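The next block holds one structure in the form of C-alpha coordinates; read it before the comments.
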(Lines of atoms letter the chains of each structure in order from A and count residues from 1; the text may use other names and numbers.)
(Lines give C-alpha, C1' and ligand atoms only; values in the text may rest on other atoms or scores of the structure.)
Protein backbone atom coordinates (compact mmCIF):
# COMPACT_ATOMS: atom_id res chain seq x y z
CA UNK A 1 0.00 0.00 0.00
CA UNK A 2 1.35 3.43 -0.96
CA UNK A 3 2.40 5.86 1.79
CA UNK A 4 -0.07 8.65 2.63
CA UNK A 5 0.26 12.29 3.56
CA UNK A 6 -1.98 13.24 6.49
CA UNK A 7 -2.65 16.97 6.94
CA UNK A 8 -4.73 18.48 9.77
CA UNK A 9 -6.73 21.62 10.56
CA UNK A 10 -6.19 24.91 8.77
CA UNK A 11 -3.34 23.51 6.65
CA UNK A 12 -5.73 20.95 5.10
CA UNK A 13 -8.66 23.36 4.72
CA UNK A 14 -6.55 26.17 3.22
CA UNK A 15 -5.19 23.94 0.44
CA UNK A 16 -8.63 22.52 -0.34
CA UNK A 17 -10.14 26.01 -0.49
CA UNK A 18 -7.40 27.00 -2.97
CA UNK A 19 -8.61 24.13 -5.19
CA UNK A 20 -12.23 25.26 -4.79
CA UNK A 21 -11.26 28.78 -5.89
CA UNK A 22 -9.27 27.61 -8.94
CA UNK A 23 -12.19 25.52 -10.23
CA UNK A 24 -14.91 28.04 -9.32
CA UNK A 25 -13.03 30.97 -10.88
CA UNK A 26 -12.71 29.01 -14.16
CA UNK A 27 -16.38 28.00 -14.15
CA UNK A 28 -17.92 31.32 -13.10
CA UNK A 29 -16.47 33.21 -16.09
CA UNK A 30 -19.24 31.49 -18.13
CA UNK A 31 -22.17 32.78 -15.99
CA UNK A 32 -24.78 35.10 -17.44
CA UNK A 33 -25.65 36.38 -20.92
CA UNK A 34 -22.28 38.12 -21.17
CA UNK A 35 -20.29 35.23 -19.71
CA UNK A 36 -17.01 34.43 -21.48
CA UNK A 37 -15.92 31.31 -23.35
CA UNK A 38 -13.46 28.75 -21.99
CA UNK A 39 -11.06 27.01 -24.41
CA UNK A 40 -10.18 23.42 -23.49
CA UNK A 41 -7.16 21.66 -25.00
CA UNK A 42 -7.67 18.19 -26.48
CA UNK A 43 -4.95 15.54 -26.75
CA UNK A 44 -5.97 15.05 -30.40
CA UNK A 45 -7.97 17.27 -32.74
CA UNK A 46 -8.76 20.93 -32.24
CA UNK A 47 -9.55 22.55 -28.88
CA UNK A 48 -13.12 22.63 -27.53
CA UNK A 49 -14.73 26.00 -26.91
CA UNK A 50 -17.55 26.03 -24.37
CA UNK A 51 -19.75 28.27 -22.23
CA UNK A 52 -21.18 25.30 -20.32
CA UNK A 53 -20.16 25.35 -16.65
CA UNK A 54 -20.27 21.61 -16.07
CA UNK A 55 -18.13 20.93 -19.18
CA UNK A 56 -15.46 23.29 -17.79
CA UNK A 57 -15.64 21.72 -14.31
CA UNK A 58 -15.26 18.17 -15.68
CA UNK A 59 -11.97 19.08 -17.39
CA UNK A 60 -10.20 20.37 -14.26
CA UNK A 61 -7.68 18.11 -12.50
CA UNK A 62 -5.08 19.84 -10.30
CA UNK A 63 -1.51 18.71 -9.68
CA UNK A 64 -1.56 19.38 -5.91
CA UNK A 65 -3.43 16.50 -4.23
CA UNK A 66 -5.17 18.60 -1.55
CA UNK A 67 -6.14 21.35 -3.98
CA UNK A 68 -7.52 18.66 -6.28
CA UNK A 69 -9.65 17.25 -3.44
CA UNK A 70 -11.31 20.64 -2.96
CA UNK A 71 -11.81 21.06 -6.70
CA UNK A 72 -13.34 17.57 -7.04
CA UNK A 73 -15.82 18.25 -4.22
CA UNK A 74 -17.10 21.36 -6.02
CA UNK A 75 -17.09 19.46 -9.32
CA UNK A 76 -19.48 17.05 -7.61
CA UNK A 77 -21.81 20.02 -6.88
CA UNK A 78 -21.86 20.93 -10.57
CA UNK A 79 -22.41 17.42 -11.93
CA UNK A 80 -25.04 16.50 -9.31
CA UNK A 81 -26.98 19.70 -10.05
CA UNK A 82 -26.78 18.90 -13.78
CA UNK A 83 -28.04 15.33 -13.15
CA UNK A 84 -31.06 16.44 -11.09
CA UNK A 85 -32.07 19.72 -12.73
CA UNK A 86 -30.13 19.71 -16.02
CA UNK A 87 -28.83 23.24 -15.51
CA UNK A 88 -27.67 25.65 -12.78
CA UNK A 89 -24.19 24.11 -12.58
CA UNK A 90 -22.37 27.46 -12.67
CA UNK A 91 -24.78 28.99 -10.13
CA UNK A 92 -24.21 26.01 -7.81
CA UNK A 93 -20.43 26.38 -8.15
CA UNK A 94 -20.56 30.14 -7.41
CA UNK A 95 -22.76 29.53 -4.34
CA UNK A 96 -20.47 26.76 -3.05
CA UNK A 97 -17.37 28.95 -3.46
CA UNK A 98 -19.02 31.82 -1.59
CA UNK A 99 -20.26 29.65 1.32
CA UNK A 100 -16.79 28.07 1.64
CA UNK A 101 -14.97 31.41 1.43
CA UNK A 102 -17.19 33.18 3.98
CA UNK A 103 -17.38 30.10 6.20
CA UNK A 104 -13.58 29.74 6.31
CA UNK A 105 -13.28 33.26 7.76
CA UNK A 106 -15.46 32.20 10.69
CA UNK A 107 -13.71 28.83 11.16
CA UNK A 108 -10.28 30.49 11.24
CA UNK A 109 -11.50 33.03 13.81
CA UNK A 110 -12.54 30.20 16.16
CA UNK A 111 -16.25 29.59 15.47
CA UNK A 112 -17.61 26.05 15.84
CA UNK A 113 -17.75 24.47 12.32
CA UNK A 114 -20.61 22.12 13.28
CA UNK A 115 -22.81 25.00 14.47
CA UNK A 116 -21.89 26.99 11.36
CA UNK A 117 -23.14 24.06 9.27
CA UNK A 118 -26.37 23.85 11.29
CA UNK A 119 -26.94 27.56 10.70
CA UNK A 120 -26.23 27.14 6.96
CA UNK A 121 -28.74 24.24 6.74
CA UNK A 122 -31.42 26.26 8.58
CA UNK A 123 -30.97 29.21 6.23
CA UNK A 124 -31.11 27.00 3.11
CA UNK A 125 -34.36 25.33 4.28
CA UNK A 126 -35.93 28.78 4.82
CA UNK A 127 -34.69 30.01 1.41
CA UNK A 128 -36.16 26.94 -0.36
CA UNK A 129 -39.56 27.60 1.27
CA UNK A 130 -39.39 31.24 0.12
CA UNK A 131 -38.47 30.17 -3.45
CA UNK A 132 -41.56 27.91 -3.50
CA UNK A 133 -43.71 30.97 -2.63
CA UNK A 134 -42.12 33.08 -5.40
CA UNK A 135 -42.44 30.29 -8.00
CA UNK A 136 -45.22 30.37 -10.60
CA UNK A 137 -46.24 27.60 -13.03
CA UNK A 138 -44.64 27.49 -16.48
CA UNK A 139 -47.44 26.71 -18.90
CA UNK A 140 -47.22 28.82 -22.06
CA UNK A 141 -45.09 28.04 -25.10
CA UNK A 142 -43.55 31.51 -24.79
CA UNK A 143 -42.37 30.84 -21.21
CA UNK A 144 -40.96 27.44 -22.18
CA UNK A 145 -39.06 29.09 -25.06
CA UNK A 146 -37.69 31.74 -22.68
CA UNK A 147 -36.43 29.13 -20.19
CA UNK A 148 -34.77 27.19 -23.02
CA UNK A 149 -33.15 30.34 -24.42
CA UNK A 150 -31.68 31.41 -21.04
CA UNK A 151 -30.34 27.91 -20.37
CA UNK A 152 -28.78 27.73 -23.85
CA UNK A 153 -26.77 30.89 -23.07
CA UNK A 154 -29.32 33.31 -24.54
CA UNK A 155 -29.69 31.40 -27.85
CA UNK A 156 -33.32 32.15 -28.78
CA UNK A 157 -33.44 29.72 -31.72
CA UNK A 158 -32.71 26.77 -29.39
CA UNK A 159 -35.41 27.88 -26.92
CA UNK A 160 -37.90 28.22 -29.77
CA UNK A 161 -37.15 24.73 -31.15
CA UNK A 162 -37.59 23.12 -27.71
CA UNK A 163 -40.86 24.99 -27.11
CA UNK A 164 -42.18 23.84 -30.53
CA UNK A 165 -41.17 20.25 -29.76
CA UNK A 166 -42.90 20.31 -26.35
CA UNK A 167 -46.01 21.88 -27.85
CA UNK A 168 -46.25 19.10 -30.43
CA UNK A 169 -45.41 15.99 -28.40
CA UNK A 170 -46.67 17.18 -25.01
CA UNK A 171 -44.85 17.29 -21.71
CA UNK A 172 -44.66 13.50 -21.53
CA UNK A 173 -43.41 13.06 -25.11
CA UNK A 174 -39.85 12.06 -25.87
CA UNK A 175 -37.55 14.75 -27.29
CA UNK A 176 -34.17 13.59 -28.57
CA UNK A 177 -31.18 15.63 -29.75
CA UNK A 178 -29.15 14.49 -32.78
CA UNK A 179 -26.44 15.84 -35.10
CA UNK A 180 -27.96 17.73 -38.02
CA UNK A 181 -26.90 17.59 -41.66
CA UNK A 182 -27.25 21.32 -42.42
CA UNK A 183 -26.29 24.67 -40.89
CA UNK A 184 -29.80 25.25 -39.53
CA UNK A 185 -31.46 23.60 -36.52
CA UNK A 186 -34.33 21.34 -37.60
CA UNK A 187 -37.28 19.86 -35.76
CA UNK A 188 -38.88 16.61 -36.88
CA UNK A 189 -42.02 15.50 -35.08
CA UNK A 190 -43.62 12.07 -35.31
CA UNK A 191 -47.21 12.61 -34.23
CA UNK A 192 -49.30 9.83 -32.76
CA UNK A 193 -47.91 6.34 -32.30
CA UNK A 194 -45.20 5.14 -34.65
CA UNK A 195 -43.81 1.61 -34.74
CA UNK A 196 -41.15 0.10 -36.96
CA UNK A 197 -43.20 -2.23 -39.14
CA UNK A 198 -44.36 -1.48 -42.70
CA UNK A 199 -46.82 -2.94 -45.23
CA UNK A 200 -46.52 -6.67 -46.04
CA UNK A 201 -47.11 -6.06 -49.76
CA UNK A 202 -46.41 -3.00 -51.94
CA UNK A 203 -49.83 -3.60 -53.54
CA UNK A 204 -51.39 -1.94 -50.46
CA UNK A 205 -49.84 1.44 -51.50
CA UNK A 206 -52.51 3.99 -52.47
CA UNK A 207 -50.26 7.08 -52.68
CA UNK A 208 -47.51 6.02 -55.14
CA UNK A 209 -45.74 9.40 -55.09
CA UNK A 210 -45.03 8.98 -51.34
CA UNK A 211 -44.89 5.17 -51.44
CA UNK A 212 -47.35 4.93 -48.54
CA UNK A 213 -50.76 3.45 -47.80
CA UNK A 214 -53.00 6.08 -46.19
CA UNK A 215 -56.20 4.92 -44.47
CA UNK A 216 -58.73 7.59 -43.43
CA UNK A 217 -60.97 6.76 -40.41
CA UNK A 218 -60.00 3.07 -40.50
CA UNK A 219 -60.87 0.16 -38.28
CA UNK A 220 -57.89 -1.62 -36.67
CA UNK A 221 -57.85 -5.40 -36.23
CA UNK A 222 -55.28 -6.66 -33.69
CA UNK A 223 -54.43 -10.38 -33.65
CA UNK A 224 -51.62 -12.07 -31.74
CA UNK A 225 -51.09 -15.03 -34.10
CA UNK A 226 -50.39 -15.62 -37.80
CA UNK A 227 -53.23 -15.31 -40.31
CA UNK A 228 -52.90 -17.76 -43.21
CA UNK A 229 -56.49 -18.91 -43.83
CA UNK A 230 -58.84 -16.32 -45.36
CA UNK A 231 -61.90 -18.19 -43.99
CA UNK A 232 -60.98 -17.04 -40.45
CA UNK A 233 -60.99 -13.42 -41.62
CA UNK A 234 -64.15 -13.48 -43.77
CA UNK A 235 -66.78 -12.67 -41.07
CA UNK A 236 -65.00 -9.52 -39.88
CA UNK A 237 -64.06 -8.48 -43.46
CA UNK A 238 -67.73 -8.63 -44.49
CA UNK A 239 -68.77 -6.43 -41.55
CA UNK A 240 -66.05 -3.85 -42.37
CA UNK A 241 -66.99 -3.90 -46.09
CA UNK A 242 -70.62 -3.09 -45.18
CA UNK A 243 -69.46 -0.09 -43.11
CA UNK A 244 -67.53 1.25 -46.13
CA UNK A 245 -64.47 2.08 -44.03
CA UNK A 246 -60.86 0.90 -44.53
CA UNK A 247 -59.19 -1.76 -42.35
CA UNK A 248 -55.66 -2.08 -40.96
CA UNK A 249 -54.69 -5.58 -39.85
CA UNK A 250 -51.87 -5.89 -37.30
CA UNK A 251 -50.92 -9.52 -36.65
CA UNK A 252 -47.85 -11.66 -35.98
CA UNK A 253 -47.88 -12.26 -39.74
CA UNK A 254 -50.32 -12.40 -42.66
CA UNK A 255 -49.30 -14.86 -45.36
CA UNK A 256 -50.36 -17.14 -48.20
CA UNK A 257 -54.00 -17.21 -49.21
CA UNK A 258 -55.04 -14.57 -46.64
CA UNK A 259 -52.51 -11.99 -47.88
CA UNK A 260 -53.30 -12.71 -51.55
CA UNK A 261 -57.05 -12.25 -50.98
CA UNK A 262 -56.54 -8.96 -49.11
CA UNK A 263 -54.33 -7.64 -51.95
CA UNK A 264 -56.86 -8.64 -54.66
CA UNK A 265 -59.78 -7.05 -52.75
CA UNK A 266 -57.70 -3.90 -52.25
CA UNK A 267 -56.77 -3.61 -55.96
CA UNK A 268 -60.40 -4.18 -57.04
CA UNK A 269 -61.61 -1.55 -54.55
CA UNK A 270 -63.96 -3.99 -52.79
CA UNK A 271 -62.43 -3.20 -49.40
CA UNK A 272 -59.54 -0.85 -48.71
CA UNK A 273 -57.11 -2.76 -46.48
CA UNK A 274 -53.50 -2.93 -45.38
CA UNK A 275 -51.67 -5.56 -43.35
CA UNK A 276 -48.58 -5.12 -41.17
CA UNK A 277 -46.64 -7.29 -38.75
CA UNK A 278 -47.02 -6.57 -35.04
CA UNK A 279 -44.08 -4.63 -33.54
CA UNK A 280 -41.61 -6.16 -31.05
CA UNK A 281 -40.96 -9.77 -30.10
CA UNK A 282 -42.20 -12.18 -27.44
CA UNK A 283 -43.72 -10.56 -24.35
CA UNK A 284 -42.86 -7.09 -25.63
CA UNK A 285 -44.99 -7.76 -28.74
CA UNK A 286 -48.01 -8.65 -26.59
CA UNK A 287 -47.53 -5.50 -24.50
CA UNK A 288 -47.24 -3.30 -27.60
CA UNK A 289 -50.35 -4.84 -29.18
CA UNK A 290 -52.17 -4.06 -25.93
CA UNK A 291 -50.85 -0.45 -26.10
CA UNK A 292 -52.22 -0.09 -29.65
CA UNK A 293 -55.55 -1.60 -28.53
CA UNK A 294 -55.89 0.96 -25.70
CA UNK A 295 -54.82 3.81 -28.00
CA UNK A 296 -57.41 2.88 -30.65
CA UNK A 297 -60.15 1.66 -28.31
CA UNK A 298 -60.03 -1.91 -29.60
CA UNK A 299 -59.34 -5.38 -28.21
CA UNK A 300 -56.48 -7.75 -29.01
CA UNK A 301 -58.05 -10.90 -30.50
CA UNK A 302 -56.39 -13.64 -28.46
CA UNK A 303 -57.34 -17.17 -27.46
CA UNK A 304 -56.27 -16.37 -23.88
CA UNK A 305 -59.38 -14.20 -23.47
CA UNK A 306 -61.60 -16.63 -25.38
CA UNK A 307 -61.70 -14.68 -28.66
CA UNK A 308 -61.07 -16.07 -32.13
CA UNK A 309 -60.96 -14.32 -35.51
CA UNK A 310 -64.24 -15.92 -36.62
CA UNK A 311 -66.04 -14.47 -33.57
CA UNK A 312 -64.57 -10.96 -33.95
CA UNK A 313 -67.07 -8.14 -34.50
CA UNK A 314 -66.79 -4.39 -35.18
CA UNK A 315 -66.93 -3.78 -31.39
CA UNK A 316 -63.59 -5.58 -31.02
CA UNK A 317 -61.88 -3.38 -33.61
CA UNK A 318 -59.96 -0.22 -32.79
CA UNK A 319 -60.45 3.04 -34.67
CA UNK A 320 -58.28 6.01 -35.61
CA UNK A 321 -58.62 9.28 -37.49
CA UNK A 322 -55.85 8.40 -39.92
CA UNK A 323 -53.15 5.77 -40.37
CA UNK A 324 -50.10 6.03 -42.62
CA UNK A 325 -48.22 2.84 -43.51
CA UNK A 326 -44.80 3.15 -45.16
CA UNK A 327 -42.25 0.55 -46.20
CA UNK A 328 -40.71 0.38 -42.71
CA UNK A 329 -42.99 2.41 -40.40
CA UNK A 330 -46.63 2.69 -39.41
CA UNK A 331 -48.06 5.84 -37.81
CA UNK A 332 -51.43 5.80 -36.02
CA UNK A 333 -52.75 9.36 -35.70
CA UNK A 334 -55.51 10.30 -33.25
CA UNK A 335 -56.59 6.88 -31.97
CA UNK A 336 -60.16 6.62 -30.67
CA UNK A 337 -59.15 5.15 -27.30
CA UNK A 338 -60.57 6.38 -23.99
CA UNK A 339 -58.34 9.11 -22.48
CA UNK A 340 -58.70 7.67 -18.96
CA UNK A 341 -57.72 4.19 -20.14
CA UNK A 342 -54.64 5.62 -21.90
CA UNK A 343 -53.70 7.56 -18.75
CA UNK A 344 -54.07 4.42 -16.61
CA UNK A 345 -51.90 2.48 -19.07
CA UNK A 346 -49.22 5.20 -18.94
CA UNK A 347 -49.24 5.09 -15.12
CA UNK A 348 -48.90 1.31 -15.22
CA UNK A 349 -45.87 1.55 -17.55
CA UNK A 350 -44.32 4.23 -15.30
CA UNK A 351 -44.47 1.80 -12.37
CA UNK A 352 -42.68 -0.77 -14.55
CA UNK A 353 -40.00 1.84 -15.40
CA UNK A 354 -39.34 2.41 -11.69
CA UNK A 355 -39.07 -1.34 -11.06
CA UNK A 356 -36.97 -2.11 -14.18
CA UNK A 357 -33.34 -2.99 -13.47
CA UNK A 358 -31.79 -2.83 -16.94
CA UNK A 359 -31.27 0.42 -18.85
CA UNK A 360 -32.47 -1.28 -22.06
CA UNK A 361 -35.82 -2.21 -20.49
CA UNK A 362 -36.21 1.31 -19.08
CA UNK A 363 -35.51 2.85 -22.48
CA UNK A 364 -38.06 0.61 -24.23
CA UNK A 365 -40.70 1.30 -21.58
CA UNK A 366 -40.01 5.05 -21.85
CA UNK A 367 -40.55 4.80 -25.62
CA UNK A 368 -43.91 3.13 -25.01
CA UNK A 369 -44.95 5.95 -22.64
CA UNK A 370 -43.98 8.55 -25.24
CA UNK A 371 -45.91 6.79 -27.99
CA UNK A 372 -49.03 6.58 -25.85
CA UNK A 373 -48.75 10.05 -24.32
CA UNK A 374 -47.99 12.18 -27.32
CA UNK A 375 -45.24 11.26 -29.71
CA UNK A 376 -41.56 11.69 -30.42
CA UNK A 377 -39.70 14.84 -31.50
CA UNK A 378 -36.14 14.95 -32.84
CA UNK A 379 -34.15 18.20 -32.71
CA UNK A 380 -31.35 18.09 -35.28
CA UNK A 381 -28.62 20.54 -34.33
CA UNK A 382 -27.05 22.41 -37.25
CA UNK A 383 -23.53 23.90 -37.20
CA UNK A 384 -20.69 24.81 -39.56
CA UNK A 385 -17.93 22.81 -37.82
CA UNK A 386 -17.69 19.75 -35.60
CA UNK A 387 -16.35 21.86 -32.70
CA UNK A 388 -19.36 24.17 -32.92
CA UNK A 389 -21.70 21.17 -33.25
CA UNK A 390 -20.43 19.59 -29.99
CA UNK A 391 -20.67 22.87 -28.09
CA UNK A 392 -24.16 23.63 -29.41
CA UNK A 393 -25.43 20.10 -28.79
CA UNK A 394 -24.33 20.33 -25.14
CA UNK A 395 -26.26 23.61 -24.81
CA UNK A 396 -29.39 22.10 -26.40
CA UNK A 397 -29.22 19.18 -23.93
CA UNK A 398 -28.92 21.64 -21.02
CA UNK A 399 -31.82 23.72 -22.29
CA UNK A 400 -33.99 20.63 -22.76
CA UNK A 401 -33.41 19.53 -19.15
CA UNK A 402 -34.06 23.05 -17.87
CA UNK A 403 -37.38 23.34 -19.71
CA UNK A 404 -38.51 19.98 -18.34
CA UNK A 405 -37.57 21.20 -14.84
CA UNK A 406 -39.54 24.43 -15.44
CA UNK A 407 -42.64 22.54 -16.55
CA UNK A 408 -42.29 20.22 -13.54
CA UNK A 409 -41.82 22.76 -10.71
CA UNK A 410 -42.48 26.21 -12.19
CA UNK A 411 -40.34 29.29 -12.80
CA UNK A 412 -38.80 32.19 -10.84
CA UNK A 413 -37.26 35.47 -12.07
CA UNK A 414 -33.76 34.81 -13.46
CA UNK A 415 -30.57 36.83 -13.42
CA UNK A 416 -29.83 35.96 -9.76
CA UNK A 417 -32.95 37.89 -8.62
CA UNK A 418 -34.84 34.84 -7.25
CA UNK A 419 -32.09 34.25 -4.68
CA UNK A 420 -32.10 37.95 -3.70
CA UNK A 421 -35.88 37.76 -3.15
CA UNK A 422 -35.57 34.44 -1.25
CA UNK A 423 -33.34 36.27 1.28
CA UNK A 424 -36.60 37.68 2.72
CA UNK A 425 -37.35 34.24 4.14
CA UNK A 426 -34.04 34.22 6.03
CA UNK A 427 -33.74 37.77 7.37
CA UNK A 428 -35.84 37.18 10.50
CA UNK A 429 -34.29 33.75 11.12
CA UNK A 430 -32.40 33.13 14.37
CA UNK A 431 -30.12 30.23 15.25
CA UNK A 432 -29.76 28.53 18.65
CA UNK A 433 -26.48 30.35 19.29
CA UNK A 434 -24.10 32.96 17.82
CA UNK A 435 -22.29 30.39 15.65
CA UNK A 436 -25.55 29.31 14.00
CA UNK A 437 -26.39 32.98 13.42
CA UNK A 438 -23.02 33.27 11.67
CA UNK A 439 -23.99 30.29 9.46
CA UNK A 440 -27.23 32.07 8.51
CA UNK A 441 -25.33 35.26 7.59
CA UNK A 442 -22.93 33.17 5.43
CA UNK A 443 -25.89 31.99 3.30
CA UNK A 444 -27.32 35.53 3.09
CA UNK A 445 -24.01 36.76 1.66
CA UNK A 446 -23.69 33.76 -0.70
CA UNK A 447 -27.17 34.33 -2.17
CA UNK A 448 -25.99 37.67 -3.59
CA UNK A 449 -23.03 36.05 -5.34
CA UNK A 450 -24.69 34.76 -8.56
CA UNK A 451 -26.02 38.29 -9.27
CA UNK A 452 -22.59 39.81 -8.47
CA UNK A 453 -20.91 37.37 -10.88
CA UNK A 454 -23.43 37.99 -13.70
CA UNK A 455 -22.93 41.77 -13.34
CA UNK A 456 -19.11 41.49 -13.13
CA UNK A 457 -19.04 39.32 -16.28
CA UNK A 458 -21.07 42.05 -18.01
CA UNK A 459 -18.40 44.61 -17.02
CA UNK A 460 -20.60 46.59 -14.59
CA UNK A 461 -20.19 47.55 -10.91
CA UNK A 462 -21.57 44.59 -8.92
CA UNK A 463 -22.01 46.49 -5.63
CA UNK A 464 -24.15 49.22 -7.19
CA UNK A 465 -26.39 46.74 -9.06
CA UNK A 466 -26.88 44.43 -6.04
CA UNK A 467 -27.97 47.39 -3.87
CA UNK A 468 -30.38 48.58 -6.59
CA UNK A 469 -31.93 45.10 -6.99
CA UNK A 470 -32.28 44.68 -3.21
CA UNK A 471 -34.04 48.04 -3.03
CA UNK A 472 -36.58 46.96 -5.69
CA UNK A 473 -39.33 44.34 -5.26
CA UNK A 474 -40.98 41.37 -6.98
CA UNK A 475 -39.69 40.37 -10.41
CA UNK A 476 -37.74 43.61 -10.88
CA UNK A 477 -34.03 43.12 -11.45
CA UNK A 478 -31.06 43.81 -13.69
CA UNK A 479 -31.06 42.42 -17.23
CA UNK A 480 -27.35 41.95 -18.02
CA UNK A 481 -28.10 41.32 -21.71
CA UNK A 482 -29.56 44.81 -22.19
CA UNK A 483 -27.91 46.59 -19.24
CA UNK A 484 -31.32 47.81 -18.02
CA UNK A 485 -33.48 47.36 -14.92
CA UNK A 486 -37.03 46.09 -15.24
CA UNK A 487 -39.51 43.22 -14.79
CA UNK A 488 -37.35 40.21 -15.66
CA UNK A 489 -40.25 37.76 -16.06
CA UNK A 490 -41.89 40.11 -18.59
CA UNK A 491 -38.53 40.38 -20.40
CA UNK A 492 -38.21 36.59 -20.54
CA UNK A 493 -35.31 36.34 -18.07
CA UNK A 494 -36.55 33.36 -16.07
CA UNK A 495 -35.08 30.28 -14.38
CA UNK A 496 -36.71 26.96 -13.47
CA UNK A 497 -37.46 26.87 -9.72
CA UNK A 498 -36.02 23.35 -9.53
CA UNK A 499 -32.67 24.55 -10.94
CA UNK A 500 -32.30 27.38 -8.39
CA UNK A 501 -33.38 25.13 -5.47
CA UNK A 502 -31.08 22.27 -6.48
CA UNK A 503 -28.10 24.61 -6.95
CA UNK A 504 -28.54 26.09 -3.46
CA UNK A 505 -29.09 22.74 -1.70
CA UNK A 506 -26.11 21.02 -3.37
CA UNK A 507 -23.79 24.00 -2.86
CA UNK A 508 -24.63 24.20 0.86
CA UNK A 509 -24.22 20.44 1.26
CA UNK A 510 -20.68 20.27 -0.16
CA UNK A 511 -19.59 23.59 1.39
CA UNK A 512 -20.77 22.32 4.79
CA UNK A 513 -18.66 19.18 4.36
CA UNK A 514 -15.59 21.25 3.48
CA UNK A 515 -16.02 23.57 6.47
CA UNK A 516 -16.33 20.64 8.88
CA UNK A 517 -13.25 18.87 7.47
CA UNK A 518 -10.37 18.69 9.96
CA UNK A 519 -8.11 16.13 8.30
CA UNK A 520 -7.14 15.38 4.70
CA UNK A 521 -5.40 12.17 3.61
CA UNK A 522 -3.72 12.01 0.22
CA UNK A 523 -1.18 9.78 -1.49
CA UNK A 524 2.38 10.85 -0.65
CA UNK A 525 4.47 11.93 -3.64
CA UNK A 526 6.89 9.25 -4.80
CA UNK A 527 10.55 9.85 -3.94
CA UNK A 528 12.19 10.31 -7.34
CA UNK A 529 15.78 10.47 -5.99
CA UNK A 530 15.73 6.83 -4.88
CA UNK A 531 14.91 5.56 -8.37
CA UNK A 532 18.42 5.65 -9.83
CA UNK A 533 17.57 3.43 -12.75
CA UNK A 534 20.18 1.01 -14.20
CA UNK A 535 23.61 0.65 -12.61
CA UNK A 536 26.52 2.68 -14.02
CA UNK A 537 27.47 1.33 -17.48
CA UNK A 538 30.87 3.04 -17.48
CA UNK A 539 32.66 -0.29 -17.81
CA UNK A 540 31.29 -0.76 -21.31
CA UNK A 541 33.83 1.71 -22.66
CA UNK A 542 36.25 -1.15 -23.38
CA UNK A 543 34.02 -2.34 -26.19
CA UNK A 544 35.78 0.07 -28.51
CA UNK A 545 38.18 -2.73 -29.39
CA UNK A 546 35.42 -4.85 -30.87
CA UNK A 547 36.05 -3.35 -34.30
CA UNK A 548 38.43 -6.24 -35.04
CA UNK A 549 35.55 -8.72 -34.87
CA UNK A 550 34.22 -7.65 -38.25
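Glycine is treated like the rest: Cβ placed from N, Cα and C.
Straight from Swiss-Prot, the features:
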BINDING   30-33, 51, 87-91, 415, 479-481, 495  ATP binding site
Residue among the binding-site residues 32, 88, 415 whose Cβ has the most other Cβ atoms within 10 Å: 88
Residues near residue 495 (ATP binding site) in space but at least six apart in sequence (CB under 8 A): 88, 147, 150, 402, 411, 412, 413, 414, 418
Site with most surrounding Cβ atoms, counting all protein chains shown within 10 Å, from the binding-site residues 30, 90: 90
DSSP three-state assignment for residue 51 (ATP binding site): coil
